[in-house]
Amino acid sequence: TIHLEKNSVGICSGISGFVRAEQKVYLVEPLGDSADGEHALYRQEHLRANNTSCGHSNDSTVYDHDQGPKSKPISGPQRFVEMYLVADYAEYKQFGSKTRGRMLEIANHVDKLYRPLNIRVMLVGLEIWTTGDHIDVTISPENTLNGFLQWRQDDLLKRAKHDNAQFVTGKDFLGDTVGLANKLAMCTGSSGAVNQDHNINPIGVASTIAHEMGHNLGMSHDTSGCTCGTSLSNDNCVMAGRVRSEYPGLFSGCSQEQLSDFLERANPRCLLDTPGSDRLYVGAACGNAFLDPGEECDCGTVEECKNSCCDPTTCRLTEGSSCAHGACCENCQLKQAASLCRRASSDCDLAEYCTGTSEHCPEDTFQMNGKPCSYGRGYCYNGQCPTLQQHCKRLWGPAAQVGTDSCFNLNLVNLFSSPRNMKCGTLFCFGGDEYPITGQKAFYNMQGGGTCNIAVDQDKIRSLDMVPTGTKCGVNEVCYDHKCQDVKVYGQTEDCSSKCHNNGVCNNKGQCHCDPDWAPPYCDVKYSDLPQGTPHSLSIAVLLLLTFLVAGLMCCKKNKRETYTSKKKVHSTSGQLNPMFRERGEKGKPLSKPPQISQPTFMESSATQACTALFVTVVPSRPPPQVMPPVKSSPYPVPPVKSSPYPVPPVKSSPYPVPPVKSSPYPVPPVKSSPYPVPPVKSSPYPVPPVKSSPYPVPPVKPTAPKVPSKYPQVIV
């Protein structure tokens, strides 16, 4: 009997992937020439791979530190890398219509590798260049990386939101290099890498992408003494410097230590955003360990699930469970209101507390920009308290100090003409580590002794070598746009703390952030005083709903005509039957085969597609109209005025008032000149209700990013 510990299998074009069993990894892939669907199963030692490496052109691209076999757990909330994959023309020529399926398998493997680090890699976009490359793809990995990152800045980021872009090429790079990336680049303009597809098995390039993404996350190559799992070597570790024959399945303790350090010091906030299922390229699926619409929980596959609160076969809560995930869920039950779920990371951050009605911790908020912090040494800016001392320690380690004024005087010569701005330019430090986290340094030896160190950063968008925005440069003055300006430059709205009844403070959204035990929005009611099981916001929603219903009844009494329609009710299901659980394609129809790539055109990626609501709640803005008296729909014509012995009654005495002409799309003809019968109801003079009054609101459609002209057309599949 073989006990399966982990697997990653794709079925896009046959079955391919890996199965880990009893510390051994077996690879499975279809036999391309087999007409009977035969597959090959072999040990990972037989993986067809070249002895290749991850290269770098200089220390700023990949900088290696000599780390010992340390291991530090990845603490904090789960993080998400929204990855965008791009396959070049050479890759498409090699695999043709199978390219899309191959890319999906690659993304699946990368996500599997990062799950043990409490990081999910979510594919939010895939682009395949079918008629030509949009950049100059050469055998030089450095030139290709620079061109790809520039194209990402100029084109991709403008039309597709993502955290990290990975480029896959079918060309062979010079030498034995198969991948190249900038270190510490996650959540910056340089967040990406180039990867050579060097193996027929998609696991090969998936391992390379995971490796290069590791560099983006601050990891270096594993050195001697860095091990993973039960192995005494680092040959099968993801961050090994060279690609071996074995499939790398784990990150070493050294890599985990470096990742923790990067997350703590760089604090890449883009990884805290949880992408909605409407942004995932392959849509929703029960068993993907991601909570999708229609699911109560999702703990992964049956083999992966370790959560007793969730049924992995249906993605429904087990009997007696109120929740399965989230910081406000404990032992399958919701935590009490006012339970701490997210600590404040600094005096500019704000702690969050459970509401007692949701398993999720409330949205992360922080103090208003410009609030004094760190005992008057700085002013809050986007949840941080940036100071010169703090940034020197971040770059050079805990022993670093801020450079002297003589160092900052160099800014007057090189960049700035005003002494007021000299401490808002390049940051000078001394002491600390031999090299900064950027991997490159510059220094000045001052007359009379002393050294002014600069952390050189090639990423001009990130600019770690500069004084951070928001750093205090004077009384009520902060560095903004590399100039020392009044703190009012933030344009912060009026402090709303006076509305919080002394039970909270004003946060960055201009809303009251209540102290424990007090409920929003104005911190004037305790959670314990709220009706049991009824959140404060729900009470407000109910009142608003009742208001609309009363207004609808009043309108009905005035005999206003309304078009009352109904929608087919969508019955929710769970697990694999959920209509959302399918790849992108024609609505209502699951894909029976991968779409064929035909004439190249611009198409929407999953990042720009509108989200289709899974559940439709029918709440009309007013009740259906009453049946009109039969006289209104009488088929008999009104006799002409000239033959009537009685004068025509004035309009104001009509039992059914005619609306003013200005609001009627059809003018009312004079009665005296009307030789024709009254028009039928369908051409009633009553105005057609506007779209905004429809009892069924149309779901908002996300704007599609503008198409950027390109030398070559492309397909986003």
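Placed from the backbone N, Cα and C atoms, the Cβ positions cover glycine too.
Within 10 Å of the Cβ of Glu212 (active site) there are 26 other Cβ atoms, across all protein chains. Summarising the annotation, TrEMBL assigns active site to Glu212.
Following the DSSP three-state reduction, the secondary structure of Cys361 (disulfide bond) is coil. Within the same chain, the residues at least 6 positions away from Cys361 (disulfide bond) whose Cβ sits under 8 Å from its Cβ are Gly326, Ala327, Cys328, Cys341, Arg342, Glu352, Cys354, listed in sequence order. Per TrEMBL, the feature disulfide bond maps to Cys341-Cys361 (among others).
What TrEMBL lists as disulfide bond is Cys496-Cys506 (among others). Taken residue by residue with DSSP, Cys506 (disulfide bond) is part of a strand.
There are 21 other Cβ atoms within 10 Å of the Cβ belonging to Cys523 (disulfide bond). According to TrEMBL, the feature disulfide bond maps to Cys514-Cys523 (among others).
Residues or ranges marked as domain 'Disintegrin' in TrEMBL: 283-369.
Annotation source TrEMBL lists region 'Disordered' at 50-72 (among others).
Sequence annotations record features per position, and here TrEMBL assigns region 'Disordered' to 566-603 (among others).
Among the features that TrEMBL reports, region 'Disordered' is placed at 652-717 (among others).
Looking only at the domain 'Disintegrin' (283-369), the predicted model's pLDDT averages out at 92. Checking the recorded positions (Glu212, Cys496, Cys506) against Cys514 (disulfide bond) with a 10 Å Cα-Cα cut-off leaves Cys506.
It is 11 Å from the Cα atom of Cys506 (disulfide bond) to that of Cys523 (disulfide bond). Counting neighbouring Cβ atoms within 10 Å of each of the disulfide-bonded residues (Cys496, Cys506), the lowest count belongs to Cys496.
In this structure the C-alpha atoms belonging to Cys496 (disulfide bond) and Glu212 (active site) are separated by 45 Å. A gap of 47 Å separates the Cα atoms of Glu212 (active site) and Cys523 (disulfide bond).
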